[in-house]
C-alpha cells in the first residue's frame with residue numbers, strides 16, 4: 001500500500017473520530033464504568049414515550065436550551081429561585097420527570113458515575129429515534145455544572161429573531177448557518193402555543209389580509225380558525241403541519257410553501273442566506289443535496305459539545321435537580 005493511501009486512511013479515521021467526540025467527550029465513555037448506561041436511558045425514554053409521544057420534542061428542546069446556556073451541563077435541571085428553568089423561554093419545557101427517572105435507575109446501577117448532562121444528551125437522541133428519525137453516536141463524558149441563573153438565558157434564540165440574529169447566536173457557539181437550519185429542523189416534531197405566533201395573523205400589516213405576508217394566504221385562514229384573535233393563547237399547534245409526530249424533512253417543505261408557524265422559522269426561507277440550505281434538504285435540482293437525518297446527527301454532536309465540563313470540572317450530581 002502506498003504512503004499516499006495510508007495517509008488518506010489515517011485522515012479519514014481522524015475525521016470520523018472528530019465527528020463523534022470533542023473536548024474530552026467520547027462515544028462509549030461508560031463502556032467499562034456503567035456498561036448499561038445508554039440502554040437504561042433508552043428504555044426509560046421509550047417507556048415515557050409509549051405513554052405520551054409528545055415527550056420526544058420536549059426532551060429534544062431541553063437539550064438545546066441546556067447547551068445554549070453555560071454549555072451542555074444540565075444546568076437547566078436545577079431547581080430553585082431564579083434558576084434557568086424559571087426563565088421565560090424555559091417555562092414550558094417538558095421532560096424533567098424522564099431525566100429524573102433515568103437518573104434514579106442509573107444511581108441504583110452505577111452510583112455517582114453517569115452525569116445528568118449525559119442523560120439529557122442521550123435522551124434527546126433517543127427521542128428523535130422514537131419519532132422515526134435516524135440515530136447517531138452520542139459522545140459522553142460530560143460533567144454537571146454547579147451554576148444555573150435565569151439571567152444567563154438571554155442568548156437563547158427567540159421566535160421573532162431575524163436570521164442575522166439567529167446566525168450570531170449560533171456562531172457564538174461555533175455553529176454555522178448550515179447547523180442553524182439543520183437544528184431548527186428539529187421543529188419537525190412538536191407543537192407551539194398560539195401566543196407565540198398569533199401576532200402574525202392579525203394586524204401584522206395594514207394591507208391585504210393583515211397577516212404576515214410571508215404566510216401562504218390560504219394557510220392564514222386555517223391558522224386563524226385554530227388561533228382566534230381573542231382565543232386561548234395556550235392552545236397547542238403543530239410546528240410541522242401534517243407531520244408533527246414524525247421526524248422527517250417535511251418541515252422544510254412547509255417553509256417553502258409559506259407554512260412555517262414561527263416567524264423565526266419562516267425567515268429561514270425568506271432570507272437568501274439560509275434558503276439555500278432549506279433547498280438542499282429538499283433536493284432542489286442544481287444544488288448539492290443534503291440528507292436531513294444524517295446532517296441533524298452531525299449538528300447535534302457539534303451542539304452537544306458546547307462548553308462541556310470534563311475531567312475535574314463540574315461534578316456528577318446525585319440528584320439532577322440539585323447540586324451536590
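Glycine is treated like the rest: Cβ placed from N, Cα and C.
Sequence annotations record features per position, and here TrEMBL assigns active site, proton acceptor to 65. Packing around residue 65 (active site, proton acceptor) is summarised by its Cβ count: 21 other Cβ atoms lie within 10 angstroms of its Cβ, all protein chains included.
Here TrEMBL flags 66, 69, 71, 73, 75, 84 as Ca(2+) 1 binding site. Long-range Cβ proximity for residue 73 (Ca(2+) 1 binding site), meaning a same-chain Cβ under 8 A and a gap of 6 or more residues, is found for 66, 117, 142, 143, 144, 145, 307, 308, 309, 314.
There are 18 other Cβ atoms within 10 Å of the Cβ belonging to residue 157 (substrate binding site). Look at TrEMBL and you will find 157 tagged as substrate binding site.
If you look up TrEMBL, you'll see 187 marked as heme b binding site. Contacts of residue 187 (heme b binding site) defined by a Cβ separation under 8 A and a same-chain sequence distance of 6+ are given as 239, 240, 251, 261, 262, 265, in order along the sequence.
Feature annotation from TrEMBL assigns Ca(2+) 2 binding site to 188, 240, 248.
Under the heading disulfide bond, TrEMBL lists 34-110 (among others).
What TrEMBL records for 67-72 (among others) is disulfide bond. With a cut-off of 8 Å between CB atoms and residues at least 6 apart in sequence, the same chain places 63, 66, 117, 120, 121, 142, 303, 304, 305, 306, 307, 308 near residue 72 (disulfide bond), listed in sequence order.
Marked as disulfide bond by TrEMBL: 116-320 (among others). When Cβ atoms from all protein chains are considered, those within 10 Å of residue 116 (disulfide bond) total 30, not counting its own.
If you look up TrEMBL, you'll see 194-227 (among others) marked as disulfide bond. Sequence-distant contacts of residue 227 (disulfide bond), defined by Cβ-Cβ distance under 8 angstroms and a gap of at least six in the same chain, are 194, 197, 198, 201, 235, 237.
Taken from TrEMBL, the feature domain 'Plant heme peroxidase family profile' applies to 24-324.
Residues or ranges marked as signal peptide by TrEMBL: 1-22.
Taken from TrEMBL, the feature site 'Transition state stabilizer' covers 61. Around the Cβ of residue 61 (site 'Transition state stabilizer'), 22 further Cβ atoms fall within 10 Å across all displayed protein chains.
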Out of 34, 67, 320, which of these disulfide-bonded residues shows the lowest number of other CB atoms within 10 Å of its CB? 34
For residue 110 (disulfide bond), what is the tally of other C-beta atoms lying within 10 angstroms of its C-beta? 16
Measure from the Cβ of residue 84 (Ca(2+) 1 binding site) and count the other Cβ atoms within 10 Å, all protein chains considered. 26
Sorted by position, what residues of the same chain at least six away from residue 188 (Ca(2+) 2 binding site) have a C-beta under 8 A from it? 239, 240, 243, 244, 246, 247, 248, 249, 250, 251
Neighbourhood of residue 69 (Ca(2+) 1 binding site) by C-beta distance under 8 A, where only residues 6 or more apart in the same chain count: 75, 76, 84, 152, 153, 155, 156
What is the total of other Cβ atoms whose distance to the Cβ of residue 194 (disulfide bond) is within 10 Å? 21
